[in-house]
Amino acid sequence: MNIVKIVIAGPRGKMGSEAVKLVQETEGYELVAVLDHKNDGGMLSEFPGFSGLDIPVFADISACLKASEPDVLIDLTTPEVGMHHTKTALQYGVRPVVGTTGFTKENLKELEELCHEKGIGAIIAPNFALGAVLMMKFSQMAGKYFNDVEIIEMHHDQKLDAPSGTAVKTAEMIAEVRETKVQGHPNEKETIEGARGADYDGMHIHSVRLPGLIAHQQVMFGASGQTLTIKHDSYNRASFMSGVKIAVDTVLKIDTLVYGLENIIE
Ligand SMILES: NC(=O)C1=CN([C@@H]2O[C@H](COP(=O)(O)OP(=O)(O)OC[C@H]3O[C@@H](n4cnc5c(N)ncnc54)[C@H](O)[C@@H]3O)[C@@H](O)[C@H]2O)C=CC1
Ligand SMILES: O=C(O)C1=N[C@H](C(=O)O)C[C@H](O)C1
C-alpha cells in the first residue's frame, strides 16, 4: 500500500485537532509534519492534548514542505493564512485539501490557474459534512422551482467569516438555476441597517453567531401559500471528517481545482 504523507495546518484548532485524529487513525495515512505559528522547531507532542505525537512543527510552509515532502496539505486555518498555504503547496507540487473558508472569487481563480500551470489537483470544500453537501444539492434542486430564498446560517461565536463559506456556496449553487429576482417589497427600507441580511443576487443571507452552536443552516423557500425549509445541523467536528477523507483520497487522482465536495461525491 502506498502511504499518503500528510501535513496539517492549524493542528490545534477545533477542526485541525479532529483532522490530526483522522490522519492518525487512518491506515495508509502518515502525518509527517504540522504547520503552526507557535512552537516552530518543536514537536506536536509539546502542545496539550497531543502527547506521544512526535511530529515536527513548522511555522513556515516552505521550510515545512521542503523538510517533510508530503503528498497532501490539509489546511484548516484562517482565510489569509489558508490562501498563502494553498498557493505555496501548489508551487511545491503538494496537493491541497482546504476546509478553510472565506476565500474570494479572485482567490479561487488564482488557485485554479495555478493548478492548471502545475498540472496538479486541489480541493477546496466550504463544508465537508456529507449532510451539508446534500442540503446544498437539495437547495439547488428547489431553487429551480422557487426563486424566493432566504438562507439562515448559524454558527458558534468564534467564527471569523460571515456569511459562512457554506452559505456563500449554497447561494452560488442556487443562483446557477434560479431565475434572478430582487426579493421582498420593492419599496422595503431597513430601519436598522443589516436587518435584511446580505444580498446575493437578490437572495438574502442571515448570519447568526451564538455560543452553544456548532454549524447549522436552513434554506427557506417561499411561494404563494407554501414554504419549504431544508435544514442541516453539525453537532460536532467529527461530522466533517468523512468528507475530509474523501477529499484526501480524491485529490491524489485529479489535476484541476475542485471547489465543493458536491463535485466529487457520487
Ligand atoms: N470545510 C469545512 O467543513 C469546515 C470548515 N471550517 C473552517 O475551517 C477553518 C478553521 O476552523 P476552526 O478549526 O473552527 O477554527 P480554529 O480557530 O479553532 O482553528 C484555526 C487554527 O488555525 C491556526 N492558525 C492561525 N494562523 C496560523 C498559521 N499562520 N499557521 C498555522 N496555523 C495557524 C490557529 O492557531 C488555530 O488553531 C475556518 O475557516 C472555518 O470556517 C470549519 C468547520 C468545517
Ligand atoms: O467555522 C465553522 O465552524 C464552519 N465553517 C464552514 C463554513 O464557513 O461554512 C463549515 C461549517 O459551516 C463550519
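Every residue, even glycine, has its Cβ placed from backbone N, Cα and C.
As written in TrEMBL, here are the features:
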ACT_SITE  H155  active site, proton donor/acceptor
ACT_SITE  K159  active site, proton donor
BINDING   G10, P11, R12, G13, K14, M15, G99, T100, T101, A125, P126, N127, F128  NAD(+) binding site
BINDING   K38  NADP(+) binding site
BINDING   H156, G165, T166  (S)-2,3,4,5-tetrahydrodipicolinate binding site
DOMAIN    4-128  domain 'Dihydrodipicolinate reductase N-terminal'
DOMAIN    131-264  domain 'Dihydrodipicolinate reductase C-terminal'
Across the domain 'Dihydrodipicolinate reductase C-terminal' (131-264), DSSP yields 42 helix, 39 strand, 53 coil
Three-class DSSP assignment, R12 (NAD(+) binding site), comes back as coil
Rounded Cα distance, in Å, between K14 (NAD(+) binding site) and the residue listed as 'NADP(+) binding site' is 16
A 10 Å Cα radius around T101 (NAD(+) binding site) captures, of the recorded positions K38, H155, H156, T166, exactly T166
Nearest by Cα to G165 ((S)-2,3,4,5-tetrahydrodipicolinate binding site), of the recorded positions G10, R12, P126, H155, is P126
Within 10 A of the CB of P126 (NAD(+) binding site), the number of other CB atoms across every chain shown is 24
Of the recorded positions K38, H156, K159, T166, the one whose Cα sits nearest to the Cα of F128 (NAD(+) binding site) is T166
Here the Cα-Cα span from R12 (NAD(+) binding site) to T166 ((S)-2,3,4,5-tetrahydrodipicolinate binding site), rounded to a whole number of angstrom, reaches 23
For F128 (NAD(+) binding site), the three-state DSSP class is coil
